[in-house]
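Asks: This is the feature table in TrEMBL:
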- Asp217: active site, proton donor/acceptor (ACT_SITE)
- Glu18, Asn164, Asp217: divalent metal cation binding site (BINDING)
- Arg110, Asn112, Glu130: substrate binding site (BINDING)
- 16-276: domain 'SMP-30/Gluconolactonase/LRE-like region' (DOMAIN)
Amino acid sequence: MASYKVEQLPSPLSVLGEGPHWDIERQSLYYNDIYGGSIHRYDYKENKTYNATIDGFPVISFIIPVKGNDRHFIIGTDRKVTLVDWDGRSEKATFVRTVGEVELDMADNRFNDAKVDSKGRFYGGTMRLEAKGDIFEMRLGTFYRYDAKRGEFVTLKKQIGVSNGLCWNDDENLFYYIDSCDLDVKEYRVDEHGDLSGERVVIDFRVNGEKPAFVPDGMTIDANGSLYVATFGGSTVYKVNSKTGKVELEIKLPCEQVTSAAFGGPNLDILYVTTAAKEFKSPQPAPAGALFAVTGLGVKGTPMYPVDLS
């Protein structure tokens with residue numbers, strides 16, 4: 001069994017840290033604080049985190065670099081995908097344009113987790129605002145991919161509670177997805193267009209039909225196909241065998257609300273983990289909300305990709 005080490009990195013304590021994205025070219029981890037309304041860049045070489053806000057956008061659901069322009073990023077703002085300009089160091093980023101918008105008649109929804117596949121295609125889903133208090137019952141979210149050539153969103157799944165945890169196994173044309181309200185991880189086959197079929201439950205976190213004390217949140221994958229599932233309320237990232245559904249390792253974090261994970265570093269062998277200081281509960285004590293690095297796992301991740309808006 002791997003012997004791992006967890007290290008807190010120099011970073012602000014996020015209200016709801018999320019969306020870690022490792023940029024290979026810049027050797028930096030980008031992530032966001034959803035309800036802190038900020039975007040962040042952890043510089044591996046400098047061991048320093050740079051932070052920025054964007055005027056007019058108090059809630060930011062994700063951040064993903066844009067292919068072909070090292071100052072451009074897309075962020076999630078309400079039900080919009082928004083293009084911003086940021087040099088990665090300044091305390092302010094600037095609005096460029098709205099890329100697209102969904103669910104114009106659903107003001108109580110927002111984008112949540114989003115990622116990009118190896119072909120540069122955007123995938124992201126919506127959820128009902130947590131403040132409404134009924135996201136498990138209402139299931140008003142939708143999961144989309146964005147067709148940049150046509151400039152339109154394609155619906156992949158409906159009746160989503162909390163759209164989360166996206167990752168791909170490109171070798172086998174498989175996609176893994178979490179709707180946190182389903183308390184499981186699902187696998188799909190991906191066709192050449194990026195559409196999904198053949199749903200299979202990889203792991204159900206319920207025990208004898210009983211809900212666990214956490215919900216599955218963000219997720220990533222290693223080069224061997226194992227999944228790493230962050231648990232909101234569980235202080236743990238679970239390493240899950242994607243074929244058998246067995247938990248192979250429990251990676252323990254020193255805070256309760258673990259939100260997402262992504263492999264990075266020069267060799268893609270560092271697991272970066274985001275956390276939250278406050279969401280459904282009262283503020284959690286430090287180091288809740290910090291960014292962590294997990295080393296010694298003995299595996300490598302798979303590359304993450306910028307979005308292609310052309």
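Glycine too: its Cβ is placed from the backbone N, Cα and C atoms.
Heads up, TrEMBL stuff is auto-annotated, nobody curated it.
Tell me what's around each of these sites.
Replies: All chains included, 27 other C-beta atoms sit within 10 angstroms of the C-beta of Asp217 (active site, proton donor/acceptor).
In this view, Asn164 (divalent metal cation binding site) is surrounded by 30 other Cβ atoms within 10 Å of its Cβ, with every protein chain counted.
Note on Glu130 (substrate binding site): other Cβ atoms within 10 Å of its Cβ, all shown chains, come to 15.
Mean model confidence of the domain 'SMP-30/Gluconolactonase/LRE-like region' (16-276) amounts to 97 (pLDDT, 0 to 100 scale).
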Asks: Quick check: with Arg110, Asn112, Glu130 left out, which same-chain residues have Cβ atoms within 8 Å of the centroid of the substrate site Cβ atoms?
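Replies: For the substrate site, the extra neighbours are Ile34, Ser61, Asn109, Phe111, Thr126, Met127, Arg128, Leu129, Val162.
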Asks: Cβ atoms within 10 Å, counted per site: which of Arg110, Asn112 has the most, among these binding-site residues?
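Replies: For the binding-site residues Arg110, Asn112, the Cβ with the most other Cβ atoms within 10 Å is Asn112.
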Asks: Going by Cα-Cα distance, which of the recorded positions (Arg110, Glu130, Asp217) sits nearest to Glu18 (divalent metal cation binding site)?
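Replies: Comparing Cα positions, the closest of these recorded positions turns out to be Asp217.
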